[in-house]
Amino acid sequence: MAVTEAENPLLGEITCGTLLQKLQEIWDEVGESDEERDKLLLQIEEECLNVYKKKVELAAKSRAELLQTLSDATVELSNLTTALGEKSYIDIPDKTSGTIKEQLSAIAPALEQLWQQKEERVRAFSDVQSQIQKICEEIAGGLNNGPHVVDETDLSLKRLDDFQRKLQELQKEKSDRLQKVLEFVSTVHDLCAVLRLDFLSTVTEVHPSLDEANGVQTKSISNETLARLAKTVLTLKEDKMQRLKKLQELATQLTDLWNLMDTSDEERELFDHVTSNISASVHEVTASGALALDLIEQAEVEVDRLDQLKSSRMKEIAFKKQSELEEIYARAHIEIKPEVVRERIMSLIDAGNTEPTELLADMDSQIAKAKEEAFSRKEILDRVEKWMSACEEESWLEDYNRDQNRYSASRGAHLNLKRAEKARILVSKITAMVDTLIAKTRAWEEENSMSFEYDGVPLLAMLDEYTMLRQEREDEKRRLKEQKKQQEQPHTDQESAFGSKPSPARPVSAKKPVGTRVNGGGLNETPMRRLSMNSNQNGSKSKRDSLNKIASPSNIVANTKDDAASPVSRADPVMASP
């Protein structure tokens with residue numbers, strides 16, 4: 001029973017005293033000696049001391065660790081506040097009294113808060129620095145300098161603001177560079193469109209990221225890319241300038257050849273894309289394909305083709321202009337020698353010593369001068385036409401007056417009667433017409449310092465001959481009238497003495513058609529020659545008839561050419577050989 005209680009000492013309340021009491025009871029039962037008991041008690045005491053000693057050592061060690069932890073926490077707190085630079089924003093206890101654990105408990109919340117801030121600040125620094133490093137690598141051309149390291153000794157907001165300002169500057173620089181790259185790419189695109197070049201291959205040769213399929217933010221903005229883009233743009237602009245210069249030269253040649261060869265508008269429209277830029281500046285040429293090589297080659301082929309046709313076409317155009325010049329002279333009744341002029345034009349073109357443009361320009365100048373001269377002669381020529389028309393009417397009137405049947409009731413007689421009335425009025429103005437024409441002609445000759453010729457004959461000579469013939473006609477009429485009076489005077493006296501006798505029937509002359517002038521003997525004989533021939537053949541009666549039929553101005557023109565002793569010839573409008 002005692003053994004069982006000894007083996008279960010923990011059944012009751014266990015203390016050192018109860019244990020010692022139990023030990024005494026056991027020794028009493030066993031019969032241990034006092035020496036043995038003292039020895040055992042001493043051993044127990046030593047073992048208790050060792051236990052206490054170990055506990056003290058453990059407690060001391062724990063205290064030291066707590067002190068070290070407190071010290072480390074204090075240092076960490078100091079370092080964090082220094083690194084973050086935000087001591088004023090953290091509730092940090094200043095007192096050093098109280099137990100170690102109390103001090104640790106007081107520091108722990110501030111330390112935890114600073115650790116959180118540090119982690120957030122490190123992430124912010126890491127994010128900013130990574131963006132800065134990325135942009136710097138893009139500007140440097142994609143050089144990777146390795147992962148960035150955040151300096152945790154200085155995590156202050158001031159330093160973070162500095163990094164953020166630097167990031168903003170780099171972002172602005174990146175934006176500016178990207179904008180510049182896009183401008184370069186757009187310029188390259190426009191130039192390639194005008195020159196009809198492959199835009200994609202052109203920009204990808206500079207950098208693969210410049211392909212339009214790639215996003216804007218992925219395009220290279222490095223110094224090398226910008227430099228190569230600038231060089232590409234410069235090369236394309238020089239190419240554009242050279243092509244435009246070549247195209248304008250071809251356009252000028254085409255225009256000259258067209259003007260030279262009088263090319264139709266339909267043929268010219270085929271090369272509007274060439275001539276439309278003949279005076280354009282480089283920046284004004286923006287149409288797609290306007291300076292393509294194939295268009296320039298087409299223009300070159302057309303210029304070569306026109307050059308080959310130029311000689312034959314030149315002769316055709318020159319003769320056409322010569323015909324125009326001859327027509328102007330013909331309308332102005334100016335006599336030239338067209339055969340000689342055409343031969344000289346042919347020889348000049350075949351020799352090739354004269355530029356076609358100069359030749360045609362000279363002919364155009366002659367045409368302009370001919371038109372001016374024709375215009376200056378117009379008033380006189382109009383008066384000449386009126387004079388000739390009046391003379392024709394006078395000739396018709398004389399034929400009409402000699403017609404014995406003019407008052408008959410034949411068909412159209414009333415029309416001839418009206419015409420005769422108008423003709424008499426017109427004939428009465430002929431003298432004034434001639435006088436005015438002479439005055440106008442003399443004034444023209446004084447103004448132009450040259451003789452006024454009509455179909456190669458001086459007009460004043462024609463008018464003088466006409467005036468002379470008209471005066472002879474008037475004199476002849478007066479002479480015949482006086483002669484007739486003298487012949488009729490004896491008959492009048494005889495009739496008054498013995499009475500009148502019926503005269504034999506007057507022979508009826510052959511009926512002549514009225515309205516057509518009859519100049520028996522031909523229109524091309526000179527009045528003086530015709531008068532001379534008629535006088536020799538028919539005597540005074542023929543001479544009288546010739547004077548009554550005054551020569552028309554057209555006959556005077558033809559005959560004055562033959563009879564003029566010193567005709568005034570007009571210089572042929574022939575281009576001077578260079």
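Note that Cβ sites are derived from N, Cα and C of the backbone, with glycine treated the same way.
Long-range contacts of the coiled coil (64-84) within its own chain (CB-CB distance under 8 A, at least 6 residues past either end) are made by residues 90, 92, 100-101, 103-104, 107-108, 110-111, 114-115, 117-118, 121, 152-156. The coiled coil annotation in Swiss-Prot covers 64-84 (among others).
Note on the coiled coil (151-184): residues 83-86, 118, 121-122, 124-125, 128-129, 131-132, 135-136, 138-139, 210, 216-217, 219-221, 225-226, 229-230, 232-233 of its chain, located 6 or more positions outside it, place their CB under 8 angstroms from a CB of the stretch. The coiled coil annotation in Swiss-Prot covers 151-184 (among others).
Sequence annotations record features per position, and here Swiss-Prot assigns coiled coil to 235-257 (among others). Looking just at the coiled coil (235-257), the mean pLDDT is 92.
According to Swiss-Prot, the feature coiled coil maps to 290-312 (among others).
Under the heading coiled coil, Swiss-Prot lists 461-489 (among others), citing sequence analysis as support.
The compositional bias 'Basic and acidic residues' annotation in Swiss-Prot covers 473-494.
Annotated compositional bias 'Polar residues' per Swiss-Prot: 549-558, in sequence order.
Annotation comment: Swiss-Prot describes Ser503 (among others) as phosphoserine, evidence class similarity to another entry.
The annotation phosphoserine is assigned in Swiss-Prot to Ser532 (among others) on the grounds of similarity to another entry.
The phosphoserine annotation in Swiss-Prot covers Ser566 (among others), and the record cites similarity to another entry as its basis.
What Swiss-Prot records for Ser569 (among others) is phosphoserine, and it gives similarity to another entry as the kind of evidence.
The phosphoserine annotation in Swiss-Prot covers Ser577 (among others).
The region 'Disordered' annotation in Swiss-Prot covers 473-578.
Sequence annotations record features per position, and here Swiss-Prot assigns site 'Microtubule binding' to Ala409 (among others) based on similarity to another entry.
As annotated by Swiss-Prot, site 'Microtubule binding' applies to Ala420 (among others), with the evidence given as similarity to another entry. A simple way to gauge crowding: the CB of Ala420 (site 'Microtubule binding') has 17 other CB atoms within 10 angstroms, across all the protein chains here. Under DSSP, Ala420 (site 'Microtubule binding') is assigned to a helix (H, G or I) in the three-state scheme.
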